[in-house]
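Enquirer: Sequence annotations record features per position, and here Swiss-Prot assigns S-adenosyl-L-methionine binding site to B:72, B:93, B:121, B:122 based on sequence analysis.
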């Protein structure tokens, strides 16, 4: 295998052509309990990470927002309130199991009219150039096979001046925190996954894929390479999670 | 106030006559997110505690089981499978919010016919003498105003030879574990309660009420005083939880 044709699935080196299918298997498996596990694994703190993302988005009534890898719709629900009847939010996810859970949840909560759904690959976004005021991808970029291609696609469909927000696991900024986090990720987390979902492997993949993801500075550089200006990031929970923001020039 | 007329609501000393109402307030508040919070607070481990309880119950097809303070029905669902069509499980809870959540969940899961529901106070069980083969009370006895009265009532409605299983928080058996557990209970737990349910107070009550509950030996003595024979207990998770078992002589 040449380097160009391989990538990572957690700690495993796989053919780039196979990664999407492996990732799909994980999310088909976890979709039904995705929201529950987010609360269990983070002790509810993922709610704060998402709240900060919304606050930094600057989304206003009438805006068009694309929530990539939007899964069960946590961000979409908040954006739908912000953009109002004149605005539009597209909940996109490559995984139809996740998209179905998200759509059912949002419809049950009464979100209708200004929310649309698209089963879409972040690398090949099915939208015209210069469409959105804001794009978010929360805990999704890590799972994309070609991240540079995805960032370029996001840049293309953003309006000039539009903002990209990437919420993703990142590198803890303190070695003691990192040790505790490793212990938690590789021991506690798969155990909880097994107890609650009877699926330890998916949560082992989660922990591994986080370690393989570019750190704060690297991701910032990738965003700049994809054409974003004013790139910066905000560490949360000691860098366990980082929010990267960039603007289409 | 004389000692006879006071009791504890968490760390607070309250009139015995007021405790039930205070406890009711907690459970009306937490009912909708009770299952979620159990998974979040215990990292899913409450599932193992309940599994062990079922295993020790010795419940067989045709048995009649009473699940007191059965709340959202985790144990009732498992018992309903064990007793089969010829058996009967009564899910009892003093709190109608909890009982409604439990009933909705069980009906949605298809449990019909061999499950009945009763809004009942553990101190005044509305059943004839010698009715049940097995009684469970999981994470409920702690909240009962007069625990001795409740244990006597359980003894009365059990058949001779019937088993009582009390699953309840207890005293950690290791001082280091106890320190970590205190830190978790009084700092992390109310924070998670606030993030997920917007109700930190109920989870502060949970932590406090656990500390005020009789320890392993004391509860064993109370069961013996109520007429139970062959009383013993099993520590789980280092004594954070204990399962007490007794048999009606």
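All residue numbers here begin at 1 and follow the chain in the order shown.
Glycine is no exception: its Cβ is also placed from the backbone N, Cα and C atoms.
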Enquirer: Would you identify the secondary structure of residue B:93 (S-adenosyl-L-methionine binding site) according to DSSP, in three states?
Expert: strand
Enquirer: Over all shown protein chains, what is the count of other CB atoms within 10 A of the CB belonging to residue B:122 (S-adenosyl-L-methionine binding site)?
Expert: 25
Enquirer: Tell me which of the binding-site residues B:93, B:121 sits in the most Cβ-dense spot, judged by other Cβ atoms within 10 Å.
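Expert: The residue with the densest Cβ neighbourhood is B:93.
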Enquirer: According to DSSP, does residue B:121 (S-adenosyl-L-methionine binding site) sit in a helix, a strand, or coil?
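Expert: Once the DSSP labels are grouped into three classes, residue B:121 (S-adenosyl-L-methionine binding site) ends up as coil.
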Enquirer: So if I measure Cβ to Cβ from residue B:72 (S-adenosyl-L-methionine binding site) and keep only same-chain residues at least 6 apart in sequence, which ones fall under 8 Å?
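Expert: Counting only residues 6 or more apart in sequence, the Cβ neighbours of residue B:72 (S-adenosyl-L-methionine binding site) under 8 Å are B:31, B:34, B:35, B:98, B:101, B:102, B:105.
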